[in-house]
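One structure is given here, and the rest of the page talks about it.
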Amino acid sequence: MDYLLTKEQLLARELFREFAEKEVKPLAQKVDEDEYFPTETVEKMAEIGMMGIPFPKEVGGAGGDYLTYIIAVEEIAKYCATTAIILSAHTSLCCYPIYMWGTEHQKEKYLRPLLRGEYLGAFALTEPNAGSDAGNQQTTAKLVGDYYVLNGSKVFITNGGKADVFIVFAMTDKSKGTKGISAFIVEKGFEGFKIGKPERKLGIRGSSTTELIFEDCKVPKENLLGSEGMGFKIALQTLDGGRIGVGAQALGIAEGAIAEVLKYVKERKQFSKPIGSFQGIQWYIADMITKTEAAKLLVYNAALKKDRGILTSADAAMAKKFASDVAMEVTTQAVQIFGGYGYTKDYPVERMMRDAKITQIYEGTNEVQKMVIASHYIK
Amino acid sequence: MMSFRIIVFAKQVPDTTEVRVDPIKGTLIRDGVKSIMNPEDKNALEVALQLKDKYGAKVTVITMGPPSAEAILRESYAMGADEAVLITDPLYAGSDTWVTSMILAKAAQMMGFDLILTGRQAIDGDTAQVGIEIAEHLKIPVIAYAVDLKIEGERVIVTRELDNTYEVVSTRIPCLVTCTKELNKPRYMRVENIFGYFDRPISIFNNSVLKFDKNEVGLVGSPTKVRRTFTKGPKEQGTIFNGTADEAAELILSKLKAEKLISEQ
Amino acid sequence: MIMVYCEQRNGELLNVGLELIGKAVELSKDLDGEVTAVVCGNKITQLSDKISQYGATRIIIVEHPLLEKYTVDAYTEALYQVITSENPDILLLGATLTGRELGPRLAARLRTGLTADCTNLEIDPESKLLLMTRPAFGGNLMATIICPERRPQMATIRPGVFPLPKPDTQREVEAYVFTPKLSEEDIKVKVQQIIAKVRKHKDITAEKIIVAGGRGVGSKENFELLEELAELLGGGIAGSRAAVDEGWLPKDLQVGQTGKVVRPKLYIAIGISGAIQHLAGMQESEYIIAINKDPEAPIMKIADLAIVGDWKPIVRRLIQQLKQTMNIQEEKIS
């Protein structure tokens, strides 16, 4: 798909490939086995401008476009899905809403250091009773003097234990339903804000996924993002961009698994032949590659449309849903092709399969994605 | 410090660590082998950029090659270089190390410099000659095999690696230093340098700029010529041996000698 | 006339110069038979005795106080003066690190061509030109180079490429002392300090020669034999996952899918079966020797030389033989 890319995007891709191979790949196994959050990788990404790719230089970004950022997520995910989601949650889910709806003051105070990688960002919408039913927000925010006081909890928050800045959604007016939800910029050190212990997970094990607990948490009123009641709209539009990021992560996982398979089927010999010479294996690989190409087109399509300002929620949902299903299928098939060896931790495909599963679940389960797609077309 | 002018000579090369010999035909497989900036030239560029960071030096990257060599100049810009020059002319094709160093020396002279940095050797030619020969053409001192480099006033202090020792040497600028990969870990390109700066100008030096007589350059002007090239041939079938320990040891030793694998320390 | 530059360090001749004299004598049979050995330094006239034994027909001792310590500036200028007065047809130098910097500087000053790191030299029967063969493309390609017009035809050759000739202790050759015109100003690069190299433990991915052990090695103590072999060969040790799991080696020496991928010039696999995860880590090695009791072990199929047998006596014997071979070459500098 190189014909779609500009010369800047091609050069940036070279950079991301080199970085992924030299910095991300060597840590991937440790990140998974030790549930290790790769702080040093985040710092190195920050140094070369990777934590603010799709934002203009005037606000402190790298001046790239969304597709370039998506390519960065994809290239990193080929080696490590954890590192990829750290980048994606930070960029799409935290930097983006501040860029879109933040005041000048908020952008200077939060966006600039976030884009420099000095701060890490997170997005907190999901609650114990509000997953797919995201509108059912139980966390409340009450304006008291110069502060909004937040009470409630959030769960499964990516980057939770490591982020400095959180976009937190809370109900400011329960009577208005989803139109009563507001968005806030919350700093790690705010009074009344506690971060829970990281979850122990099936995959993306190095990702810091935590609960957030608000007990009379005082958020300065200037940290309201947008206006009261705008929160749900901010959440949904932000998630559209985030879903393209997850699509890119899933795409990268699938591509990484295919690369491992292509190498292995040349090396592994059974019945005196490399297994890559058996038609059964060849047919599996043909299907895996075809589906991954299709996923790539959907993900790149969504990114290009976002750059042109014509993205629909359905585009983003299709990209995320299809790519995540492909990632799950391809990685499972990869383990099968590797056979017994693929089931052991000697080879990375079992990790890729475990990592792939979450892409079908977070940032809107694939069931929710189908709801989004259908409602776009059935009016 | 002063306005210190550094020229870095870099070469675009195929990534020879990825080149394979076809096991059956015995020919080189070059398909899909990327072109990259020669690794030790990147170390040289990194030294220059560190001097820029520290002293505000001006860094000019010059490469000689076909038009596609522009790619490494773009990469140099994205790493932080100030200026880029592409020396290209069909007349220069086939130049050996002597002619190449003569052409590069003239370009350096025209641009003006205080310090020239090059990689120690290129991974395709593997000769390690060009850097040193450039210094001779320019009649400036040369320090080869740098593993460390410092500037003190008008002097360049270099730690260089020889066979069995390290030497700390110094000389006055202008001079040339060849750089090894032990010197540093080159920085990555910066994303913000890729966007918006991509269309920075690259000066093209062809022969109407450098003005060589056509018989002095290219294949025609080169003192050395390639008579023929060949690959070492496909890998032979392995030998299996079953005998006494003495015989086995002797066989191993003779193979090691035949394959020139016994090295002297 | 073929001229051979004989490098000396601290008053001792390096073997490479003598190896080149041997080759030059062989090549000179197709030319005019003259081989001139040249050595630079200060107070080194006694070296001519040793050089005489190796076949040169003439010896030039280039002496000057400023040549006492090697500097590229002084040595280039001194040799330049000798060469412009002697006009050799061919000039050979050892491709030591000093040779590889002296060669180009000299070649450029002489305005002639230089071919570096030659692995073979021959005289073309018709043109009488020197045919210089060398590796390129990271060693994947060989090229034969000629220097048809400019003189001398220059080549550098690595130590050990040509054999050390047998010395003829009865041979005497007249030595001629040449005093070059040199002054302090000629030496532009000043040496401030010389630091001895301490042999660092290299990362296995950087080693050119690896001796690796697997389950068949049997114990941690047995690895000392592999260490000894590796040291003699100038390389390092490594191991399979089995050896690391047994605690015989640290993890950073593990070769394989979950260890490191290595591509050395020589990989000796001792007591390693060659499971696919191990092969993935070393199958790109240039030359593979495997020693294993089991002729059907997977590693035996990819080895260039597969030795069936008990590794211990074989390795002991090999160490012995290597020590003997190396003793002959032992009168070198440290």
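Placement of Cβ uses the backbone N, Cα and C atoms for every residue, glycine included.
Whatever TrEMBL says is automated annotation, not expert-curated.
Within 10 Å of the C-beta of C:I272 (FAD binding site) we count 31 further C-beta atoms, all protein chains included. Annotation source TrEMBL lists FAD binding site at C:R215, C:240-241, C:254-258, C:271-278, C:N292.
The domain 'Electron transfer flavoprotein alpha/beta-subunit N-terminal' feature in TrEMBL is assigned to C:2-191.
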Under 8 Å Cβ to Cβ from C:R215 (FAD binding site), same chain, six or more residues apart: give me those in sequence order, or none if nothing qualifies. C:S240, C:A242, C:A243, C:E246, C:G271, C:I272, C:S273
Note down the number of other Cβ atoms within 10 Å of the Cβ of C:A275 (FAD binding site), including every protein chain shown. 19
If you average pLDDT over the domain 'Electron transfer flavoprotein alpha/beta-subunit N-terminal' (C:2-191), what do you get? 92
Around C:Q257 (FAD binding site), how many other CB atoms lie within 10 A of its CB? 22
For C:H278 (FAD binding site), list the number of other Cβ atoms lying within 10 Å of its Cβ atom. 25
For C:Q254 (FAD binding site), nearby residues of its own chain (Cβ under 8 Å, 6 or more apart in sequence): C:A238, C:G239, C:S240, C:R241, C:A243, C:V244, C:K260
At a CB cut-off of under 8 A, do any of the binding-site residues C:R215, C:Q257, C:I272, C:A275, C:H278 come close to chain A? List them or say none. C:Q257
